[in-house]
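Below is one structure, written out as structure tokens, with a few remarks after it.
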Amino acid sequence: MRIVFAGTPDFAAQHLQQLLDESHQVVGVYTQPDRPAGRGKKPQPSAVKKLALEHQLPVYQPESLKSEEDQAALADLKPDVMVVVAYGLLLPQAVLDIPTKGCLNVHGSLLPRWRGAAPIQRAIWAGDLESGVCIMQMEAGLDTGPVLHEERCAISPDETSASLYHKLESLGPEALTKVLKDLDGYQSQAKPQSDANATYAKKLTKQEGKIDWTQPAAFIERCVRAFNPWPMSWCQSEHLKAGQNTVKIHAAELIQGASNKGPGTIINSTHEGIDVVTGDGILRITQAQMPGKKAQPASTLVNGYSNVFSPGLELQ
């Protein structure tokens, strides 16, 4: 079966590697154009491009797939199926129609829950107890196609987006190759999604990481895990230099207790953690990153930054 692969980040490269390991016939690889990265802002190839070139696979990097010329180039590859994993470009219907067996997408959620750009983060943010990957037959709509197969995994109480990402990174490739071995069979039993049960995982922004201390401690703690490694949950202190007053929270936990102090007020600082009042409950910060520094445990922070983390002071 002639496979065209489309993907960009490391998550996608893991799936391409699985196809190559199992000797599938990959006839072409699509990935986003090289983007400036690093301090020098030099154009850098994607993880998928690097892997494809290592295996002497033809690489295509169109800015979009809307032009007739780019669509003709894809058609010339005569694909039986196109596998799409975190590609980052929308595929017009004309592209979806080119492979004889259509286009398959590996999506990091249990569809129809968390269609969209940030399914891993939103699952933790919302307090979901499980996640997984779906192999979906692509349609013109955003993650709306029928589901051919799903694999589930539990979301642990201390799960971060980084750790859940790695779980799905191992589930996805196995699920994909399982489907490809009996594609006709899986397609014949594909299950339509229920639009009524759909939720949308909107893209994260840096501003969303700003902690609102009037929110419940349980919600803030989920945000700390959901937004790690990006955009990170963060707050500010008026006791740090203006313009360099952002504190990134890497880890936190819920503790029992209550206080009549206002949200954002620090009520206790020990080597175990920095206890902050929220709109409902107490949040203990156990690891944070000061401006220009690496992440540090609370035991280091309370000694080195008593001007920021002493009881009675506030975080904004």
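Each residue, glycine too, has its Cβ placed from N, Cα and C.
These come from Swiss-Prot:
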type: BINDING; residues: SER109, LEU110, LEU111, PRO112; note: (6S)-5,6,7,8-tetrahydrofolate binding site
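Here the Cβ of LEU111 ((6S)-5,6,7,8-tetrahydrofolate binding site) has 27 other Cβ atoms within 10 Å, regardless of which shown protein chain they belong to. Summary: among the binding-site residues (SER109, LEU110), the fewest other C-beta atoms within 10 A of the C-beta are counted at LEU110.
Sequence-distant neighbours of PRO112 ((6S)-5,6,7,8-tetrahydrofolate binding site): residues of the same chain at least 6 apart with a C-beta under 8 Å from its C-beta are ASP143, THR144, GLN193, SER194, ASP195, ASN197, ALA198, THR199.
The (6S)-5,6,7,8-tetrahydrofolate site, placed at the center of the C-beta atoms of SER109, LEU110, LEU111, PRO112, has further neighbours from the same chain whose C-beta lies within 8 angstroms: HIS107, ARG113, TRP114, ARG115, PRO119, GLY132, CYS134, ASP143, VAL147, GLU150, GLN193, ALA198.
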